[in-house]
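Quick look at what TrEMBL annotates:
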type     : residues : note
ACT_SITE : His170   : active site, proton donor/acceptor
ACT_SITE : Cys232   : active site, acyl-thioester intermediate
COILED   : 53-85    : coiled coil
TRANSMEM : 20-40    : transmembrane segment
TRANSMEM : 271-290  : transmembrane segment
Amino acid sequence: MKAKKKNHSLLKDERINLILKIVMAGLFLTGAIIFSYPFVADAINNYYDQIRIEEMQAKSDKQNKEQIQAQRAELEQKNQALLEEGKLNNIPGMGLVEDPFTTVVDNTQNLGSDYFEKYTIGAIYIPTIHVSLPLFSETNSILLEKGATVLQGTSFPIGGPNSHSVITGHSGLPNQRLFTDLEQLKKGDFFFVEITGEKLSYQIEAFETVLPHEIDSLKIREGEDLVTLLTCTPYMINTHRLLVTGKRVSFPEEELKKEIQTTQTYHKRRFQVYMMLIPLFSALFFYWIWRKYVYYQSIKQRYDFNFYLLKENQPQVGVPFVLMDKKGRTVFRDNEEPFRVTSEEDGLVSFKQIPGGIYRAVRSSGAPLSVKGKVFFLHDRYFKIMRPIKLWRRTKLNKIDIINEVTSHEKEKE
């Protein structure tokens, strides 16, 4: 009667313990999802950015020289018209066009890939901060969600003297970093622009923080080939604009290709790592839940905790063992006597029909030996021997484990 009450009390305690652990695990999982969302979303978005860039590159490779030259000529004409005007006009947030940084778009998912393909003219790479983004031909709040954009009223980044292109990108988006890390750049760092089949190199020479309406730094400088990267600052406050200006420089072609390839590969591998870690973490979490469930349910059933004790492959007879629970407390029989057994003639140590769970069979005399066992599947008849790992081998015969007790100390003597 007392044993039944004790088992009922154990079940109640373990049920409460199980519920608390599951609740805590649920809270941990929720926190982990919230914490990891920006990183995972950024990795996914950057991966698809690389796909868009590769599609753009493949399309460019298929074009003949005449088509590429026609595209370049069109952009050169636009740059020349801007130069002849001698001023900056219709710059978003600085003229007649609404500031895209302050406009929120909630329905970008309805726009098909054709929309973005229409405005894609190239790509921008900033290896130092692992930026590899498609470059769009104009700036609006929709395109800013998907990559970097050429600011209207400024030159297209096709190179050549008397040009000053401004490339804009968002900072602080929850699902993609884009230009968030521009502040980490230093003078002397490089970035690259790929457009009309060419790859152009720029070296950073100046940083400036200005108010949105301050545009003097964006004007064309006579004889110079400049590109300015523009984003909001400070982070999440966005009252000012950070300007990072680079000047066209020569860069070894092979090294340039390597830098671009390394940046793109970084995002692909990062995506692959996350895609491996997410299912692995999920599997481990649900495995943990399953083990807790098996542990709790096994307490309601009875199993045999058996193993053979041998020394130099010879059965050890009459070796006493006492059964302890997972907390190291002695387990008692129904008559409130400690649960003790001794090894039989064939070396068998058997604790029969004990409630499931996790136990240790501890040798009462002689050299210390603790054999850990637990119920692995509810339909099993026997406990699965878990430790000592180096001293046991599994046998299919009656699903009983064999312990071969040869300690390292005894091996040294031999």
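Note: Cβ is positioned from N, Cα and C throughout, glycine not excepted.
All TrEMBL annotations are machine predictions without curation.
If you take the Cα of Cys232 (active site, acyl-thioester intermediate) and the Cα of His170 (active site, proton donor/acceptor), they are about 7 angstrom apart, rounded to a whole number. Within its own chain, the transmembrane segment (271-290) is flanked in space by residues 22, 25, 29, 32, 39-40, 43-44, 46-47, which lie at least six positions past its ends and keep a Cβ under 8 Å from the stretch. For the recorded site, the residue listed as 'active site, acyl-thioester intermediate', the DSSP three-state label reads strand.
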